[in-house]
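Some features that TrEMBL has for this protein:
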TRANSMEM  12-36  transmembrane segment
DOMAIN    16-163  domain 'Casparian strip membrane protein'
TRANSMEM  65-91  transmembrane segment
TRANSMEM  103-129  transmembrane segment
TRANSMEM  149-173  transmembrane segment
Amino acid sequence: MRGPAEKPLSGLFGLGDVVLRFLLFASALVAVILLVTSNQTKRIPIPVPPYLIPRTAKFTQAPALIYYIAAISVAGFYGVVTTLISLYALLKPGSFPRLVSHFVIFDVLLLGIVAAAVGAAGAIGYTGLKGNSHVQWGKLCNVYDYFCRHISASISVSLFGSIVLTLLILLSVSALSKRIPKQTY
């Protein structure tokens, strides 16, 4: 007979976990594709002949965007691996509770990494959009509009991924808290 601490988790929880983990993978994949396809070349006017020179804006030119794509790629890989493990655990009864306790730790760590990466990319995006008059950095988004749209879309999708990670953490903590035996006084 099972005690209160050994109640099986509901199949609905497991299904929700699998769906959220797949959404994490999908959002990371879309964010990476948007960023990788953001290259744009424009002919920029200069004061000396030949008057127009081609300049390319790439995500590889900003270290913060390189960190961002690395972190989002890790999130996507983590999403694939944990989705497959969750599916396996869903099909094999009794193994899911042990996985939840491990998943919640890694979910929190990954949320911190993704949040830092999105913040760094957002700072670059904001500087590109508004410029910085204090250090004489001009606006880039009025010249490289396609590049900026892709970066902003990538950051937006990554914010969705951060929300998915937060929901995963809440779901896991909720499932773990149900396994704590109730004390009567």
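Numbering starts at 1 and runs along the chain as displayed.
In case you wondered, yes, glycine gets a Cβ from its N, Cα and C as well.
Please treat TrEMBL annotations as automatic predictions, because they have not gone through curation.
Keep in mind that what you see is a predicted model, and the values were worked out from it rather than measured.
Highest Cβ contact count with the transmembrane segment (149-173) among the listed stretches 12-36, 65-91, 103-129 falls to 12-36 (criterion: pairs under 8 Å).
Secondary structure of the domain 'Casparian strip membrane protein' (16-163) per DSSP, as helix, strand and coil residue counts: 110 helix, 14 strand, 24 coil.
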